[in-house]
Each structure stands twice: as C-alpha cells, then as structure tokens.
Amino acid sequence: MAKGLQGFLWTMLLLFCAIQELGSWAMHTAVEGPGLGEPGDPALLSSGRVKRGWVWNQFFVVEEYTGTEPLYVGKIHSDSDEGDGSIKYTISGEGAGTIFLIDEITGDIHATERLDREQKTFYTLRAQARDRQTDQLLEPESEFIIKVQDINDSEPRFLEGPYIGSVAELSPIGTSVMQVMASDADDPTYGSSARVVYSVLEGEQHFTVDSKTGVIRTAVADLDRETQDRYEVVIRATDMAGQLGGLSGSTTVTIVVTDVNDNPPRFPQKMYQFSIVETAPVGTAIGRVKAEDSDVGENTDMTYKVKDEEGVEMFKVTTDSNTQEAVITVQKPLDYESKKVHTVVVEALNKFVDPRFVDLGTFRDQTIVRVSVLDVDEPPEFRPPSNLMEVQEDAHVGSVVGVVTALDPDTANHPVRYAIDRSTDAERIFDIDAKTGAIVTGKVLDRETAGWHNITVLAMEADNHSQVSRASLRIRILDVNDNPPELATPYEAAVCEDAKPGQLIQTISVVDRDEPQSGHRFYFTLAPEATNNHHFSLLDIQDNTAAVHTQRVGFNRQEQDVYLLPILVVDSGPPALSSTGTLTIRVCGCDSNGAIQSCNSTAYVVSATLSPGALIALLVCVLILVVLVLLILTLKRHHKSHLTSEDDEDMRDNVIKYNDEGGGEQDTEAYDMSALRSLYDFSEIKAGDGGGGPGEGGPGRNPASELHALPQWVQSPDLDFSVFRDYICRKVEQADEDLSVPPYDSFQTYAFEGSDSPVPSLSSINTWSSGSEQDFSYLGGWGPRFRQLAALYAGRRGDEDSEES
C-alpha cells in the first residue's frame with residue numbers, strides 16, 4: 001500500500017510540473033534585420049541580415065527522483081532547425097555531461113542522477129546549436145537555468161536543544177515558560193513543505209504550546225514544587241502546516257518548578273526536654289531545636305525567639321545561620337534549690353515572607369522546651385555580699401573589724417569554715433575566726449602608713465575543702481588624730497637692717513598627716529619661751545597660715561645677725577595635738593629698694609645679675625683663650641716635625657733582619673768561610689805577597705790551616721770611624737734636648753769592637769793567631785753547650801800538632 005501511495009504522489013508531482021512547463025513555455029525569434037539567410041553562414045552572422053533566435057523551454061526538475069529511467073527535463077530547439085538532422089545540439093556548464101545529458105538531434109535534456117534541492121537549488125548551463133558538417137555555431141551561445149523543484153523530504157528539527165526552562169510554583173494559567181523553535185530544510189517559498197506547527201505530545205496536562213510561535217505556557221495554576229519539582233514535556237513540530245502527509249520532529253523540554261515561600265516552618269515535636277547542671281556558667285548552650293520548612297533556599301531562613309517572660313529572663317535563643325537551628329543558652333545563673341524545672345516557649349518564623357501567600361496561613365510555629373536543672377555540690381555563698389568594712393586606726397590588736405557570713409546553698413547545708421588568703425595579707429595584719437567568720441586585727445594599724453587593705457576571704461565546706469568560694473573584702477582604716485601638726489618646711493627668713501615696724505617677713509603654713517572628716521584647723525602662737533620677744537610678732541590669718549612681722553625699727557648685724565623665733569602650732573583635735581617649730585631670721589644688708597645685698601654668713605640673694613652683653617663678652621674672651629692655646633700647640637708640634645726632617649736618614653727606622661740560619665756547629669758546608677774571611681784578610685794576604693809575616697808558613701802553606709785559624713779583631717790604621725762617631729753624637733744631643741718626645745725604640749748595629757775590651761773574641765773568622773797558640777780547654781767548664789765546641793777545637797789542635805811533627 002505504501003508503494004502505491006508513493007507512486008500516486010510521484011504521478012501528482014509530475015502532473016504538477018507538466019502544468020508549470022506548459023504555463024512557462026516560451027518561444028521567441030530574434031530578428032536583427034529584413035530578409036532570411038541560411039543558417040550557419042558566417043557572412044550572415046557578421047552582416048546586418050536576419051538572425052534567427054532560440055526556441056526552447058524553461059526547465060524544472062523534481063528532486064529525489066527514484067525512477068529507473070532518466071528523468072526528462074526539457075527540450076531546446078532552434079527555429080532554424082528544419083528537422084533534417086543538420087543541426088547538432090550541445091550543452092556545457094554545471095552538471096553537463098554528468099548529471100544532464102542532451103540528445104544532439106532532438107535537443108531533449110534528461111537528468112541521470114538523483115538531485116537534492118537542500119544541497120543545490122539550481123544549475124546554470126549554456127546551449128549551443130552547431131552545424132553538424134562544419135561544427136560552426138549557427139546561433140550565439142545561450143545560458144539557461146535548471147531549477148530543482150522542492151518536495152517535502154526534510155522533517156523539522158530542533159537545533160537548539162536540549163531545552164531547560166523554569167517556572168515558579170503556583171504560577172497562574174498561561175504563564176510563559178520558554179520558547180522552542182524547529183527548522184525545516186525544505187523550500188519555504190514553494191508550497192507548505194517548510195510551514196511548521198507545534199503541538200504537545202507528552203505533558204499536555206500541565207503545559208501547552210503555541211502552534212505557531214512555539215511558546216510553552218502553564219496549563220494549570222496549582223504547580224507545587226514540593227509535590228513535583230520538574231516535568232519532562234515532549235514538543236512535536238510538523239511541516240506541511242500540520243496537514244496529512246507532513247513530516248515531523250520532536251524534542252524533550254525539561255521544565256524545573258522553582259520554589260516560593262508557600263510553606264510555613266513547622267516543629268517536628270511540640271515539646272523538647274533538656275537538662276543542665278546548676279553550676280553551668282552564663283552562655284552555656286543547653287540544646288538545639290529546629291523547625292522544618294518544605295521550601296528551599298532563602299525561603300527556609302528562620303529566626304527564633306523566646307515568647308514567655310520567664311524564658312526571656314533566664315534563657316537566650318539564637319539562630320545558627322548555617323544549620324537554621326535554634327541554639328538555647330543560659331542567660332542567668334541557675335539554682336537547683338530555687339527552681340528545678342524551667343519551661344521555655346520557642347517560636348520560629350520565616351525571615352522572608354512572600355505577601356502573595358499570606359492568605360495561606362501564618363508563617364510561624366511554636367514549641368515548648370523544658371529545661372531540668374541538675375543539682376551539684378556547690379561551694380558556700382557569701383551573704384550578704386558586702387565587701388567594705390571600717391576600723392579605727394587606734395583599735396587594739398584583736399579588735400573585731402567585722403563578720404563575714406557564707407552558707408552552703410545545697411540541701412545538705414554543710415557547715416562552713418573561713419580563712420584568709422595570705423597572698424593578699426602577707427603581713428598578717430588581720431585574722432579570721434574559722435567558725436564564725438569574725439575578722440579581727442592582728443597588728444597595730446596606722447592609717448598614715450596604709451589607709452586601705454584589700455584581702456580575700458575564703459569560705460569552704462567543713463568536710464570538703466575543695467568546695468571553696470572567694471570574696472574580696474576592702475577594709476578602710478579610719479583616721480584618729482595621732483599626729484601633731486608641723487611646719488611645712490624648715491623656714492628661713494631675712495630682714496633688712498633698716499626694716500620698719502609691721503613689715504611682713506614670712507608667711508608660714510603647716511602640714512598634718514591626719515585627715516579629720518571635718519577638715520584641718522590649725523592655731524598659731526609664739527612659744528612660751530618667746531614671750532619676751534620684742535623684735536617680731538606672729539599673726540594667725542585664720543586660714544591655716546600665719547604671718548611674721550617686725551616690731552621694731554632697724555636691726556644691727558654687728559650686734560646680732562640671726563634670730564630664732566619658736567612658733568607653737570595646735571590642731572583642732574580631738575585630742576588637740578601641738579608642736580613647736582623654729583623660724584630662722586637673718587639680718588642682712590639691703591639697698592635703697594629693699595633688695596637684699598648680703599648677709600653675714602653668705603650672700604642671701606645676688607643683687608645684680610650679669611647683663612646679656614656682659615655674658616657675650618665673657619664668652620668671647622674664653623673663646624679667644626682657647627684659640628690661642630690651640631695655636632701655640634700647633635706651632636710647637638710643627639717645630640718638632642721640622643727638626644726631625646733635617647736629617648736625611650734616620651737609623652731608628654733602619655732595622656735590618658736576616659732570616660738565614662746555619663745548620664749548627666757541625667755544619668761546615670753552609671757558608672764559604674774563605675769568602676767571609678776575605679773581608680779581614682785582604683791586608684794580610686797583601687802583606688804575604690811581599691814576604692809574609694809572623695806566623696805564616698810561606699808559599700807552601702796548607703789552605704786548610706788558614707780556614708780553621710781563629711781570628712782576633714785588630715783595628716786597622718786605615719779605617720776611619722769619625723763619620724759614625726759624629727752621627728751618633730748628633731743623635732744623642734737631639735734626644736737630650738727634646739724632653740717632650742719619648743725616645744724611639746732603636747736597634748743599633750756596630751761593625752767594630754773597642755780595643756780595650758778585657759774579653760778576647762771567640763770568633764774563628766780572620767784570627768791573627770793560629771789555633772796552636774790558644775788553649776780551649778776552659779770552654780768545657782761553661783756548660784754542656786760549650787763542651788762540644790771545646791772538643792771540636794781540641795781535636796783540631798791535635799791534627800795541627802801531628803801535621804807539624
């Protein structure tokens with residue numbers, strides 16, 4: 001049946017194309033001048049004679065042809081063709097010879113391959129009419145187009161998938177969710193092959209789609225995310241405007257239902273129970289409760305609070321932002337003996353409420369939390385908690401200062417014992433009765449030394465000393481008038497010799513270490529021993545000060561230069577205490593303005609001070625003296641350096657050091673002794689050339705004996721040492737004259753030896769005598785180091801004796 005339907009469709013398509021070909025049949029004749037000519041004549045083509053045109057069809061070909069025979073496309077024909085076969089038709093261009101073939105005689109064109117309009121919509125070709133004999137063009141080459149006729153062979157496709165959309169729950173009907181679009185590859189300008197309509201295959205109970213635009217909308221108003229949070233909707237797109245025989249394609253659209261705050265919080269339980277010990281400190285967490293909310297995201301954010309008055313006073317509720325739990329903590333100390341169970345009403349409410357859903361009900365919930373207080377063994381408690389006591393500073397040792405009281409808050413009510421933390425009363429000024437808590441003085445008190453004492457009192461259970469409580473106690477020492485007033489300072493005053501009666505000399509004040517509650521009040525008078533005083537008077541000014549005035553005209557330093565005035569000072573008590581102080585008054589000389597110039601003992605006040613100009617002049621003089629001293633020292637140092645530079649050579653700096661060391665007494669190969677001896681034997685050798693001298697052996701003398709001879713230095717008459725002598729003397733004189741410079745360290749080397757030396761030389765170099773003339777046996781007595789030397793010379797002497805014999 002399918003094959004019959006397909007054949008029917010092809011027949012209809014061919015009929016449709018044939019009708020179009022008949023409607024588009026075109027015949028035309030191009031006349032370029034009068035008269036007729038023979039076709040193929042070049043002279044006719046180049047002259048102004050008549051040129052016949054083409055007569056041929058406008059071509060269409062149906063795509064996707066599946067027949068076994070080549071598909072007839074159309075026919076080309078020239079008006080000069082008389083049907084005798086003298087004209088040959090050819091084509092060239094796109095697909096010529098491969099896709100499209102032409103009958104050279106009839107001009108019929110056939111398509112030999114299956115065409116696809118979606119790949120190529122038309123082909124451009126060129127037609128030629130040639131003389132079969134000469135192969136020359138009879139007409140100008142003409143271009144024509146073969147269009148591929150579309151058929152509905154491409155289904156609609158959703159190219160932008162997969163599609164995911166969202167819509168809020170409880171949205172009204174017709175709320176737009178999203179839009180889908182399908183694309184059809186068929187020709188939209190030909191027929192209805194590319195006209196697409198949309199429909200819902202699955203999910204039509206909840207969503208609809210616009211058939212033309214593809215917009216998906218809600219079909220119901222009761223979408224509930226808590227019931228179903230996503231939907232899979234299948235959308236179908238059909239071409240041919242949805243008519244019978246149209247092709248279709250489908251896609252799946254995922255629609256996510258988003259949350260709105262449409263569910264209030266709810267506690268899973270209507271009552272929670274917790275327990276906590278009564279000694280739990282303030283801020284301790286008792287427990288956590290949480291209200292459930294079916295919503296998600298910020299719609300589940302909650303706040304908790306305590307609703308009842310008792311709970312607000314004793315407990316505090318906070319919200320854990322991470323877990324959205326209510327954290328219940330202690331706000332005031334708990335007491336098992338006072339109340340064993342507390343009931344707290346906790347309310348949860350949403351932080352963000354959507355006003356659109358207020359009519360759904362209240363978005364809050366309440367629950368009851370019972371808190372049981374557990375009893376523990378608590379330390380004693382001080383009652384009342386007063387921390388201030390007072391005691392007079394003259395209280396006797398053992399006097400009661402006050403009593404502290406502590407009770408065991410537990411039901412057992414154990415007896416309490418008291419003690420003082422000695423780290424706060426190291427001097428043991430106070431003691432406490434362990435049973436009664438009475439605090440007594442342990443030492444004599446003195447307010448002037450310490451007016452306050454801070455001690456810590458301990459209270460503990462009699463049978464459990466680990467249960468200890470502490471209380472800070474401040475003890476104030478009340479003042480008692482036990483210190484007499486005294487003059488503020490050892491006053492000294494001065495009076496001019498020409499002082500007049502009634503002149504103020506000194507104002508005096510006193511100090512008192514006591515602090516009476518009503519304040520100080522002091523009284524001043526002259527001591528009894530000063531009643532016969534006619535020189536000075538004392539006036540009490542009534543403000544705890546007094547003034548001393550003169551009573552006579554003038555004083556004489558020669559007669560008396562110092563007056564001692566005893567003053568009696570009395571406080572207001574009780575009891576009234578007094579003391580006597582002495583005012584020292586010196587008689588001084590004053591100028592006409594009353595300024596003191598000098599007193600007998602020392603100048604009391606400098607009457608005149610140096611002016612700024614005088615100070616500047618004094619500083620300039622000191623500066624000049626310093627410059628002169630520096631200049632003198634510089635000149636002196638320069639003179640010394642000049643004397644030192646007069647000498648071109650300073651032997652003090654010429655210390656010559658030789659690091660050569662011999663191989664010992666037995667090393668006879670280290671030095672050429674003859675080379676050293678030649679410095680001294682030059683004159684001897686010269687004399688030997690002239691006949692020899694004493695002690696010589698003549699020309700046949702043995703050289704070995706010359707090398708081993710012990711020389712004795714004898715000053716040569718030709719050597720002149722005056723230069724060295726003068727140089728040394730000049731250096732000694734300079735050193736003696738310069739007393740300010742310490743002597744330099746010097747190393748003096750002298751190359752000659754005085755002739756008056758009592759000790760003969762031991763040198764074996766350049767001796768004037770032979771070894772046989774000396775006896776070296778005495779060297780053995782100089783110690784172990786010289787014994788070897790004595791043996792060496794003794795052996796040499798034996799050799800010389802044997803040679804002589």
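Using the three backbone atoms N, Cα and C, a Cβ is placed for every residue, glycine included.
TrEMBL: automatically predicted annotations, no manual curation.
Quick caveat, the model's predicted, so the values are computed rather than measured.
Pulled from TrEMBL, these are the features on record:
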- 688-700: compositional bias 'Gly residues' (COMPBIAS)
- 78-158: domain 'Cadherin' (DOMAIN)
- 159-267: domain 'Cadherin' (DOMAIN)
- 268-382: domain 'Cadherin' (DOMAIN)
- 383-487: domain 'Cadherin' (DOMAIN)
- 487-604: domain 'Cadherin' (DOMAIN)
- 687-706: region 'Disordered' (REGION)
- 1-26: signal peptide (SIGNAL)
- 614-635: transmembrane segment (TRANSMEM)
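Here the transmembrane segment (614-635) has no Cβ contact under 8 Å with any residue of the same chain six or more residues outside its ends. Per-residue confidence over the domain 'Cadherin' (78-158) averages out at a pLDDT of 87. Residue counts for the domain 'Cadherin' (383-487) under DSSP, split into helix (H, G, I), strand (E, B) and coil, are 0 helix, 50 strand, 55 coil. Note: the domain 'Cadherin' (268-382) comprises 16 helix, 53 strand, 46 coil (DSSP; helix = H, G, I, strand = E, B).
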